[in-house]
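Chemist: So that we are looking at the same thing, I have put the structure below in structure tokens.
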Amino acid sequence: MTAQLNPCGDVAVLVPAAGAGVRLGAGGPKALRQLGGEPMLVHTIRRVAAAPSVRTIVVAAPPLDVEAVHALLAPVAPVLVVPGGAERQESVAAALAAVPVGPEIILVHDAARALAPPSLVESVAAAVRAGSDAVIPVLPVVDTVKEVDGDGFVLGTVDRATLRAVQTPQGFRRSVLAAAHASAAASLTDDAGLVEKLGVRVTCVPGHEHALKITRPFDLAIAELLLERPA
Ligand SMILES: Nc1ccn([C@@H]2O[C@H](COP(=O)(O)OP(=O)(O)OP(=O)(O)O)[C@@H](O)[C@H]2O)c(=O)n1
Ligand SMILES: C[C@](O)(CO)[C@H](O)COP(=O)(O)O
């Protein structure tokens, strides 16, 4: 069965959503936790599906919740749902394996970045379409950053001018992401890291403050406030 949005779209979006949400505290898998009266994943998929370039969405769900996630998202958008793995990287690999023939641009987008706007999906996809093999949205680091030792003593001050905080969606030419996952040795925290290991150049585009990752209770509180603000 196909699960297509825009049949003219050239983008598939993989949504790893199988994380436990340990840092958010007790309450079940993070992607299914409530945000503004709806599960976080509903907000994520609604925004991804509103991006005109998106043809296919594949969600990697907590293995025990695959059927429930499919039922939850059916009224939101046509999606494929696969069981995720024990690590984020395994979840992305499982979703990648389920992408049908067609889309040549693949984005990977955390369910936990539930308020990333459709315009960010489009800008990352556009940069891949324009010729980049790999694209990440980034924000400048606004705090002074120190390197410290294991005892909590400062070793030095890092030059933050060359540092960036990395968000999702991250975008890739399909063959590049497939090669990166096929040759992945260790588990990394993002897909661009796997691509870097292949020696592929990764392009940065401006990120968006609403694409914050909901990791701790404070992040969830910020996201609730953002939802209450008029567009
Ligand atoms: N085995 C895993 C682990 C994480 N993720 C997903 O990867 C994204 C980024 O992960 P993070 O925010 O760190 O989520 P958790 O792993 O759930 O967080 P924690 O480490 O606090 O448990 C999330 O959308 C999460 O659902 C996943 O699909 N499969
Ligand atoms: C992919 C990611 O969102 C980029 O910032 C992040 O690396 C994944 O989250 P984690 O909490 O570092 O596992």
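Start at 1 and count along the chain as shown; that gives each residue its number.
Heads up, the Cβ atoms here are built off N, Cα and C, so glycines get one too.
Curation plays no part in TrEMBL annotations; they are all automatic predictions.
What you are looking at is a predicted structure, and each value in this text was computed from that prediction instead of being measured.
As listed in TrEMBL for this protein:
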type	residues	note
SITE	R23	site 'Transition state stabilizer'
SITE	K30	site 'Transition state stabilizer'
SITE	R160	site 'Positions MEP for the nucleophilic attack'
SITE	K213	site 'Positions MEP for the nucleophilic attack'
Chemist: Do you know offhand how many angstrom separate K213 (site 'Positions MEP for the nucleophilic attack') and R23 (site 'Transition state stabilizer') by C-alpha?
Modeler: 12
Chemist: Would you count the other CB atoms within 10 A of the CB of R160 (site 'Positions MEP for the nucleophilic attack'), including those on all shown protein chains?
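Modeler: Around the Cβ of R160 (site 'Positions MEP for the nucleophilic attack'), 13 other Cβ atoms lie within 10 Å.
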Chemist: Determine the Cβ neighbour count for K30 (site 'Transition state stabilizer'): the number of other Cβ atoms within 10 Å of its Cβ.
Modeler: 26
Chemist: Measuring Cα to Cα, how far is K30 (site 'Transition state stabilizer') from R160 (site 'Positions MEP for the nucleophilic attack') in Å?
Modeler: 31
Chemist: Under a criterion of Cβ-Cβ distance under 8 Å and sequence separation of at least 6, what residues of the same chain contact R23 (site 'Transition state stabilizer')?
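Modeler: Listed in sequence order, they are T215, R216.
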Chemist: Taking the Cβ of K213 (site 'Positions MEP for the nucleophilic attack') as the centre, count every other Cβ atom within 10 Å, in any protein chain shown.
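Modeler: Other Cβ atoms found within 10 Å: 17.
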Chemist: So, in DSSP terms, is K213 (site 'Positions MEP for the nucleophilic attack') helix, strand, or coil?
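Modeler: Looking at the DSSP assignment, K213 (site 'Positions MEP for the nucleophilic attack') belongs to neither helix nor strand, so coil.
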